[in-house]
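Student: Take a look at this one; I'll ask things after.
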Amino acid sequence: MSEGPLQRAAELRRLLQEHNYRYYVLDQPSIPDSEYDGLFRELQALEAANPELRTPDSPTQRVGGVASSAFAQVRHRVPMLSLNNCFSEEELGDFDRRVREGLGRSRVAYAAEPKLDGLAVSLVYEDGVFARGATRGDGETGEDISDNLRTIKRIPLRLRGDSRGTVEVRGEVYLPHEGFRRMNEEAAAQGEKLYVNPRNAAAGSLRQLDSTITAKRPLAFYAYSIAQGQPPSVRSHMDMLQQLRDWGFPVSDLVRLVEGVEGCMAYYLEIGGRRASLPFDIDGVVYKLDDLAGREELGFVSRAPRWAVAHKYPAEEAQTLLENVDFQVGRTGVLTPTARLRTVFVGGANVSNATLHNMDEVARKDVRIGDTVIVRRAGDVIPEVKEVVLSLRPADARPVRMPDTCPVCGSEVRRDPEGVAYRCIGRLVCKAQLKQALQHFVSRKAADIDGIGEALISELVDRERLRTPADLFTLQVADIAVLYKSAEVAPAKMIEAIAARRELALPRLVYALGIPSVGETTAKDLARHLGSFARIREALPEVLTLVDGVGAAAAEEIRSFFADAHNAGAVDALLAQLTITGEHPVSAEIADRCSLGLLLAQQQVKGLGPVKAEKLTAGLDSVAGLLARIDDGPALAKLLDERTAAAVQAHFADSERRQELLKLEAQFLGFGLIGAGAPRAAAAGGPLSGKTFVITGTLPVGRDEAAAQIEAAGGKVSGSVSAKTDFLLAGEAAGSKLAKAEKLGVTVLDYAALQRMINGEG
């Protein structure tokens, strides 16, 4: 090939990328659209005649390509964290105080920016060329939507300037109001269903398996942070935004640098006043500490940064007619009254249903069928009936009644003895409960079985092919093929996806079971501290409450779930199909808190707190010895005041209470929480005693398991690197923590080195 086409193609790409930058980033178009189109068509023709000229960063690659069968899973090298929310000036003040106290400063500056109501994405560039784009997903793992993101003109396919190595940029994909209006006009003209709101339309556009469809959608993008590859000269958030502009990314021109609560509130009110006239939806504003070094110092809590907060705007409200009330049966059998409304537009969407929460709320608000009500909705929050307009109540308005039997399966409906919920007692016999239990089981944060969606589960339950989660693992291609006659490859792929989950990590299994009061975080905490499914299943409430975040009510819910004979059968059937990974001994963190005194304090004897309980058990190593001491009046009188001693003796005069204490001791011993087997390496001078570890990257085992091993050997695990960190345990794709550890001179270990330390080999 002559040099002519090669050089011309390179020149056309350069010109088009420059014009894109001027149009989308600088908002200063340098040529008419017709001239741009002419250059674009010339490049298309050149590449069509010479396919070898096509490059990944060519503007022609935005038109989309071959449809995919599914999105691949992508693990984020740096987790995509969510933000904590605040809803009032008081809560904002609390956030500002925590930041100032954490940094030891009297005032701090924040970068304030609108919170776009779109979808967060990660963009990875290698040596300046767009390599991969992914959704947030669960924060650690997202979906690879590179082909779809490539079609968005505001996302540069090549960074401006000389960029080497890996650069990761975070931002928001959204649908401007004008684009949303055009999409709905086109849908209406073709007799198709209209899109509910811009966010849903943007989400649907990004998740198209055929990127040529995404290419036709008027999606936009704003960049807001650099996750990897940040130049050393970038020391503040405002520096970061300028670097993003220099690379060719569009950045919101509404970002401001503000100081203190006063500056934040002024910005909040300013943007709120302009909200209706903005060309896109927002649901609040975000305040981020401007100083990047300060961010490193503050670190993170749970899955959110300490240095940023989202300040949400109040929900939007509208008035409409409540036409009827029916009852939805949830995953745990709870019947929720749901208002059927005359359709009204509120909070950016058409609303025809709204939750009434529970019958106590119905009574408190005096909601009746036929009432005119105020409906409230904010963002993706489920619409709710806020209040009744009593002045408009008709004479024939009817009270709302809870049905005596389940509207789905006909089983009896009973009210919880200690609560507001009414439940269908049919459990998994009730198809409504079974369908939702299965949908929860296969969901991304649970078993994460790809391709098994709501429609398939519903059909298989209706055909009685699925009766418990265990039945998922007995499905054959033929069971699914009958429902997917036009997609020959889909059933086999689904069966492969199910088979791939026969090994399930302990936290995922606990969460997947759908135990009331056990969300994703609690499931991880239970797995981390109790270490095995058998211990979690057998744990008494007093043991469960040792786990952070598990209160008395949640402990009773967990205990009741596993004690139920129907649930026990379903769990046993599931365990027969699975191999649980990531099990380990109990954590040293809770073992260190366990003692005979704690056992006694948990009995809630009047006047006997933790201090007195420890005093009473001093020098003893068994409940038998404790009971003997309690029975010895003179000995007891030397340890406790007269009133407390009498209360203790009266309490344990009951033989059943003695048996309960002995039973609890047996479980503490069996679990390794007390006694010679307890992992108290820190107190006993274990191999990692007194050492603080931080974990980053992908390890041969899960992070929870690695943390448990460190704690069992006497070490402590922290979430952020500081001068007090002794070791960084680094796996593959270690992120910013590795760079900070190297800067601070912290020793970096791989997993093999950690094992040698634990085994006393180095």
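Just so you know, glycine gets a Cβ as well, placed from its N, Cα and C.
Summarising the annotation, TrEMBL assigns NAD(+) binding site to D33, S34, E35, Y36, D37, S82, L83, E113, R136, E172, K288, K312. TrEMBL lists K115 with the feature active site, N6-AMP-lysine intermediate. Summarising the annotation, TrEMBL assigns Zn(2+) binding site to C406, C409, C424, C430. The feature domain 'BRCT' is assigned by TrEMBL to 683-762.
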Student: Quick check: in three-state DSSP terms, what is L83 (NAD(+) binding site)?
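Tutor: SS state of L83 (NAD(+) binding site) = coil.
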Student: Given the binding-site residues L83, C406, C409, C430, which one is most crowded in terms of C-beta atoms within 10 angstroms?
Tutor: C406
Student: State the Cα to Cα distance, in Å, between R136 (NAD(+) binding site) and C424 (Zn(2+) binding site), rounded to an integer.
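Tutor: Here the two Cα atoms lie 36 Å apart.
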Student: Going by DSSP assignments with H, G and I as helix and E and B as strand, what are the residue counts for the domain 'BRCT' (683-762)?
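Tutor: With helix first, then strand, then coil, the domain 'BRCT' (683-762) has 29 helix, 17 strand, 34 coil.
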Student: Please report the distance from the Cα of K115 (active site, N6-AMP-lysine intermediate) to the Cα of K288 (NAD(+) binding site), rounded to the nearest angstrom.
Tutor: 12
Student: Helix, strand or coil for C406 (Zn(2+) binding site)? Use DSSP.
Tutor: coil
Student: With an 8 Å cut-off on Cβ-Cβ distance and a minimum sequence separation of at least 6, pull the same-chain contacts of C424 (Zn(2+) binding site), or say none.
Tutor: V329, G333, L335, C406, V408, C409, S411, E412, V413, C430, A432, Q433
Student: Other than C406, C409, C424, C430, which residues of the same chain sit close to Zn(2+)? List them in sequence order, counting a residue when its Cβ is within 8 Å of the Cβ centroid of the site.
Tutor: V329, G333, T405, P407, V408, G410, S411, V413, I425, G426, V429, K431, A432, Q433
Student: Which of the three DSSP-derived classes (helix, strand, coil) applies to R136 (NAD(+) binding site)?
Tutor: coil
Student: Across all the protein chains here, work out how many other Cβ atoms are within 10 Å of the Cβ of R136 (NAD(+) binding site).
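Tutor: I count 19 other Cβ atoms within 10 Å of it.
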Student: Near K115 (active site, N6-AMP-lysine intermediate), how many other Cβ atoms are within 10 Å of its Cβ?
Tutor: 21
Student: Helix, strand or coil at C424 (Zn(2+) binding site), per DSSP?
Tutor: strand
Student: Going along the chain, which residues six or more apart from K288 (NAD(+) binding site) have their CB under 8 A from its CB?
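Tutor: Y110, A111, A112, E113, H237, R295, W307, A308 - these are the non-local Cβ neighbours of K288 (NAD(+) binding site), listed in sequence order.
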Student: For C430 (Zn(2+) binding site), which of the three DSSP-derived states applies: helix, strand, or coil?
Tutor: coil
